[in-house]
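Encoded as structure tokens, the structure appears first; notes follow it.
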Amino acid sequence: MEDPPGNTNLQTFTPAPPHPDELIQQTLDGGVSWFQIIQILLVSSTRVFDGQQTFIPVFVEAIPEWHCKLKTGGAPCSSDTRDICRNDPSSWDWKAASASSSIISEWNLQCKNPILMGLGASSFFAGCLLGGLLFPPLSDTKVGRRHILFISSLSMSVASLTTISATSIWSYSGIRFLTGLCRSSIGSCAIVLVTEKIGSKWKPAAVMVCYLCFSIGILTLPAIAYYASNHHNSSSWRELYKWTSIPGIACNMIAYLLVAESPEWLLSKGRGAEALVALKQLAPWIDDETTNYVSISAHNTATSTTSADIKTSFTNYFSSLRLLFGLKHNLRRIIPIIVLAFGIGLVYFGIPLGVGNLGFDTYVGTVLNAVIEIPAFVIALYLTMRGGKEYYYSRRGSLAGFCMASGAMSVTCTFVPAGSGRLGVELGAFVMGCVACNVMAICTTQLFQVKVRNTAVGVMWEAMTLAGVLAPVFVKLGKQQANGFLSYGIFGIVIMVCGLFASMLPSEEVVTAGARATSSPSQL
């Protein structure tokens with residue numbers, strides 16, 4: 001039956017306005033501004049100094065060049081002996097420019113226990129390990145991601161600068177532990193901050209910039225080390241710390257003044273007016289006078305940070321850990337990830353730290369290790385962007401395959417004569433390990449529900465950091481052998497065994513079904 005003319009009884013349905021969180025993401029999806037690009041570069045710049053401090057032991061804790069003294073009836077000396085401790089101490093000496101070029105020569109550690117020789121690097125990763133447990137909750141409090149990022153980066157550079165005052169391996173290791181503790185939050189905060197400042201389409205590219213900046217830090221390290229060793233022959237390792245720390249302090253202070261906080265984080269803390277200002281800077285094309293955007297500025301419930309807020313954040317963090325390890329379906333996923341991360345971490349940290357064991361120029365070897373990470377990123381992105389069953393098989397197969405390939409090449413290093421041939425095999429092992437690391441990191445974010453996803457990624461990095469604690473010891477053990485089996489051989493065997501656990505990872509379909517069956521909407 002039709003309505004009489006003039007008596008219109010039709011109802012007009014208008015879609016509900018998007019939630020402020022969704023509106024922010026929709027706005028950022030609308031394009032890319034120069035301000036966004038500058039923000040991403042400024043935030044990612046902290047990773048340059050992060051990379052330098054992580055791999056500075058390659059030069060600072062290396063055994064410098066030495067030579068046999070002229071024979072005048074004294075003890076015999078073999079310059080071909082890889083382990084200088086087999087020669088009589090009176091038969092050899094450091095080269096003039098090497099006497100104080102590293103902590104090994106300055107404090108006569110060359111014949112000490114390998115654990116003591118690698119204590120500095122291990123202490124750094126031990127600090128990262130502890131900081132990874134203590135600091136993640138702080139970025140979710142009202143302290144903020146921007147503040148935590150730059151406090152961590154600045155304190156890391158300041159702690160690194162104080163390393164020049166070390167007078168023994170014990171004081172040096174203590175300062176390196178503090179440096180690692182300060183550094184532990186840089187990577188996670190930088191990645192989260194850049195992804196919250198860009199549209200969904202460009203998030204992978206933003207993360208890639210963060211990783212590339214870390215590689216740039218490693219890439220610039222040999223040049224700084226070469227300058228320090230050739231222009232500051234007296235204690236050049238202290239000069240290396242100075243020239244990697246002072247620029248870090250200056251750049252961090254400048255970047256802190258120019259970087260804005262994430263609008264999503266500001267909104268989540270009830271600071272709607274500030275969130276709208278930050279959003280307008282990132283996306284100048286918006287019309288902030290529309291009703292939808294007014295709803296963002298009206299979202300003001302901010303309060304000052306209290307000790308109760310921080311306590312609540314830590315409580316939520318450890319509750320997430322209990323949820324991650326307490327539910328059977330989560331436990332079946334995180335255990336293989338932990339094992340894989342440990343094996344991959346030995347290769348990822350151990351191979352670059354042991355580049356001096358290859359019988360090849362350390363400067364060139366470090367540069368090549370940094371450059372070789374770039375194709376690893378491209379391969380990992382290709383593998384993880386595939387969908388359906390092909391993606392499932394490529395994920396499990398590629399993780400296992402790249403772990404096996406990396407391990408096989410690492411073991412092969414011990415059978416190849418020192419020189420360019422061994423370096424080539426080492427680069428192959430490293431790039432395979434980097435691909436496995438990147439695939440594992442991306443897959444970890446897809447294997448868990450949102451409620452435990454960040455915690456799962458944190459646990460994965462903790463397992464890799466634990467491997468970083470042990471890697472320097474194996475590097476020093478391998479230095480005492482001609483073939484280096486106790487370093488590269490051990491790295492290869494461990495990553496191959498750990499790679500077998502990739503077969504235990506579930507498919508994407510199983511993850512989705514399990515999430516729906518075991519989680520409420522509020523958890524996802």
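The backbone N, Cα and C atoms fix where each Cβ goes, glycine too.
If you look up TrEMBL, you'll see 39-510 marked as domain 'Major facilitator superfamily (MFS) profile'.
Positions annotated as transmembrane segment by TrEMBL: 115-136 (among others).
Annotation comment: TrEMBL describes 148-169 (among others) as transmembrane segment.
Beyond its flanks by at least six residues, the transmembrane segment (175-194) meets 39-40, 43-44, 46-47, 50, 53-54, 120-121, 123-132, 135-136, 138-139, 145-146, 148-149, 152-153, 155-156, 159-160, 162-163, 165-166, 206-207, 209-210, 214, 259, 262, 457-458, 461 of its own chain at Cβ-Cβ distances under 8 Å. What TrEMBL lists as transmembrane segment is 175-194 (among others).
Residues annotated as transmembrane segment in TrEMBL: 206-228 (among others). The list of residues near the transmembrane segment (206-228) in space but at least 6 beyond its ends in sequence, with Cβ under 8 angstroms from a Cβ of it, reads 40-41, 43-52, 54-56, 58-59, 187, 190-191, 194-195, 197-198, 236-237, 239-240, 243-244, 352, 362-364, 366-367, 369-371, 373-374, 377, 381, 438.
As annotated by TrEMBL, transmembrane segment applies to 240-259 (among others).
The feature transmembrane segment is assigned by TrEMBL to 334-351 (among others).
The feature transmembrane segment is assigned by TrEMBL to 363-385 (among others).
Residues or ranges marked as transmembrane segment by TrEMBL: 397-417 (among others).
Here the transmembrane segment (423-443) has long-range neighbours at 211, 337, 340-341, 344-345, 347-348, 351-352, 355, 358, 360, 365, 368-369, 372-373, 375-377, 379-381, 383-384, 395, 398-399, 402-403, 405-407, 409-410, 412-413, 416, 457, 460, 464, 488, 491-492, 495, 499, 505, meaning same-chain residues at least 6 beyond its ends whose C-beta is under 8 angstroms from one of its own. What TrEMBL lists as transmembrane segment is 423-443 (among others).
TrEMBL lists 455-474 (among others) with the feature transmembrane segment.
Outside the transmembrane segment (486-506), and at least 6 residues removed from its termini, the chain residues within Cβ reach (under 8 Å) are 332-333, 335-337, 339-340, 342-344, 346-347, 350-351, 354, 357, 395-397, 399-400, 402-404, 406-414, 426, 429, 433, 436, 443, 447, 471, 474-475, 477-480, 514. The transmembrane segment annotation in TrEMBL covers 486-506 (among others).
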Residue numbers, six or more beyond the limits of the transmembrane segment (240-259), whose CB comes under 8 Å of its CB atoms: 38-39, 42-43, 45-46, 49, 52-53, 56, 59-60, 146, 150, 153-154, 156-158, 160-161, 163-164, 193, 221, 224-225, 227-228
Overall pLDDT for the domain 'Major facilitator superfamily (MFS) profile' (39-510), taken as the rounded mean: 82
